[in-house]
């Protein structure tokens, strides 16, 4: 199963990168979202999957899933959310201000 | 001694103040006392019983960089030149530079240079020497650019800086290498470890790097090109830096390191050849110049080449002759520069084609020039010092057999001929300089001002220098025995004191001198007839053009290179970054045998999981192919919810909840922000670009998957999480271990995670507010 | 006592919140910022003093013993970098009011400024790899806010590229941390180091190390990952550019230094040799970039790249002298890059353009500015007795001790071209005929000059007074070469 999830995360990263390499801002942002999902799944996989119960301590249960990756993912999810929100607003503003959502038209070498 | 070195720099601080009253008292008058007192301080060391003096002051002892001053004969010769000529030049400048000039800056730079130059010749520490060395380049740069509103001055300043700093940095490389090889930073200590250096594999590199420094500074072929352009500096500066002192720093360096390299055969070959070629080329080129200072610049280059060649020979006679010529050159060339300055000052031009017949109008100047040029030409007269050292030079070229060096054997027979060749042209341009200016038809109508003799003040300094020419010529052994011999000993300890005589019989070197005078005279008289030879050589080639092309192209080529990849295209940037990551990481994984796959110890696969995974994969791929804006956003949402489902399956309830909430908010945000933007277009992308993107994406995804599988397959350590499970309740007081980790064990993460959110909120707020403000304006 | 380690992070964080609260009252925020930045500098100086006299301070946050909780490790390296950060920060705090528009100040500049400092200090001090990621995010988020401050068209355009590339590298970072956790089961740096040592960096670890290197190299703007940097560094307000130049890339290079002197040191033939290549290429391409442009701000921005190249070269050579050189150069470059960015901004301000082709003869109006630039150019190029020389000297010595001749020659040549690229500004911008047209009518630049002079003086002191500083640097590099010291101080075994 771990291998399957690793492949899934790999596919998410592949599609993420592919989107990142597009021209339209929306696609690029979607690409970063997919990349984050991939990253989170990788973290999860690293903690060995499905070993024991959810890490909520209860009497009589010996085996729990590894809690640390979960904690790390939680932190990371929240941070990604923060950045994605900022990115969205920034993307929107940039597109409005420059009248295009095509990143290839936002090259700007005139200040060289 | 540190005081003597630093006093010009210290005094320089007060110069701007003194220059405030320049209309009452010329600033130069104050400045004069500095080099003069330094001269008086050092002159007392001169004597037969001289022995080296060493003073040490610490600066950065833990790096072995200290102000260790070492005054031996060689340093003493240079110190006296620096302070002596320095005094005369400052005196001369009082009359040369009008008070309306920026005298403050001028003397600050000049004093800065004095300290730097004294430091170069007195430092025993490699890196202190280097420090002062670069300071000479900097002050020279500023002095050449003194009239910086002239295009030529800026050009000359930049050129000299680029070339000399290039050499300086290369020399630094050589110095560091020397330190690494010998473990010391003291030159004297290095000299005592010759064996270590000679056995080192780095020997060619060390020598090459240090010589590059010396050759650039002393304007040796082909680095000589900066010196003619440095003539844009005010004439006192040319006389001082670019003839008598700074350009001899390279000579000093070679002399200083001669004891180290002298037995290395390539030292002889490289230094002699470079020196001789410089001598011949520059004297040949000097004849073609029309600017008086241009002639003197090339003449300086060629004389430096001659001295360099003698140091390359390294024989007893040659080394002694080199020291002798350093002194002689300073006297006659210094006076000639001052003469050129006087002519410029009093006639308004330095163009020799517009000058002529000044003999009757400027008799004193003419007399001075006569002594200077004839001494330079090496005419055999007993009262011209130039003759003695030139004859010693000829002598040394004839006695190179004492160099035991198989490689050099081919060169040795040719050298005397080259020496004569160079000297003939020296003779020609010397005559050209004197007769071109002072005899011939008067053409005063071509001059802007009516020429007249210079004021006495301006004449004092060249008169003193010419007196030096004559006195040394009449009593050569006066200086030789007392201090030149000590200088020579420092370069080659085998040198013995031998008296120099004007007449020493019909020896080959006399015939060489006579040949120079004879052929030189013929060539001078017929010079118009053979001047076409310059169309053939150098013709259109020149190292100047090479330099200009280099400097110009450095800018153009680098702009071209940079513009190929700095296109502002995010896609290109990302492509390069990803390609680098994928390629290098794959290589590393392959080289280190990093990939491994372990099938045991895996969780089992169930149908529902496969189904969820399949849905996510389909959704993820769909994001690439969809052309609907709304569709793309919603499909991304599907991926997010799919991941949340996986979190549920993999026993992470907290994650699943968070993911659900955040995914919902994100989708809403997406919709909100992109409602107003244009639709997704059908991508008009070339297949090539698609394939390229595809390769990079798949490469990256595959790389990550392979690393993940390998990392997961290692089985070295237990994760540290058992501790969390054990202590979450006991120490943390919570049943939900993930929560305890977040708020307690890794509370710092969470605190700053909140900070990130806070900053993001503030940033978004200010982005939106900014827009409102803007629209309000 | 050990709580001292958190102060350099917490003080700016609180300061940021305070100034955010007073945001609408600009005079108050200005005064508060100056005051608080000085307070922070004072505290950090004290912490540094303690670290150097009594040894590293390790704070186990929340009382959870390392490696389970997050440990903050104020070791000499971290301390001296935090100190330098704060010195730069104070100068920028005094420079900012002159350089920013009122609108920019009111858009929480000062708050973001403090958050940035907090994130940078945290990144230097943390002893936990995941926590390092979090601090990276703090400083990046603050930098996103700062770069876009003002909201000009080109700013938005460059910001979005900047955010995207950094976001990508952050995702890669967190993934790499996951891989490390998967392989060695911990995120505490000291414990990672210990465990990597136990398995002799076998299996996949070197690959992950390289991945991590790419993450940091992107932030550090090394070849071939620097493309985002030059243009995005020149669009924001000058004081922001200066802060970025001084701090952001340096956090990246610090992370490389830390990770590759503490953790991944068992396959140096591969990893560190690779760094030397990267160093050489960074120097070459950075210098080429600096020569390619007539935009004075861009010249300085490109000059960041070879400087980072020098530092990574020292890490690649990896002996005592080279590491000392890297650290010395790191400190030196933090200061001098700030100075240069501040200076060229003033030049652009008085000349009314950043285009070198459109200026000339400025020295007739602004002599002091010209000479400050002149000295800075030599400081930057590493001409003695200034600070760049000490670092470069040590780097050269270290490299030659290891017989790395090629990189030494590249270093020397790029030094020359660096000098040329900056002197071009002096020769073409300052020298030349006096412009009488009134184009450069005397503008008051008094407020700008103070911070510049102070920083430059400090920079000169770093060189001339090297004897006071070098022994500390030497002790740091000796400390770095013995990772066990770090491991023991954190894990206390």
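Every residue gets a Cβ built from N, Cα and C, even glycine.
Those TrEMBL annotations? Automatic predictions, nothing curated.
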Taking B:550-568, B:607-625 as the choices, which stretch does TrEMBL tie to transmembrane segment?
B:607-625
Range annotated as transmembrane segment in TrEMBL, from B:676-694, B:695-713:
B:695-713
Pick from B:572-595, B:716-739: which range has transmembrane segment per TrEMBL?
B:572-595
Return yes if the transmembrane segment (B:355-379) and the transmembrane segment (B:501-525) have at least 3 CB pairs under 8 Å (sequence gap of 6 or more), otherwise no.
yes
Grab the same-chain neighbours of the transmembrane segment (B:6-21) for me: Cβ-Cβ under 8 Å, and only residues 6 or more beyond its ends, written as numbers and ranges.
27, 30-31, 34-35, 37-38, 103-104, 107-108, 111-112, 114-115, 118
Can you work out the mean pLDDT of the predicted model over the domain 'NADH-Ubiquinone oxidoreductase (complex I) chain 5 N-terminal' (B:60-107)?
89
Hey, which of B:202-227, B:456-475, B:501-525, B:572-595, B:656-675 has the most Cβ-Cβ pairs under 8 Å against the transmembrane segment (B:267-287)?
B:202-227
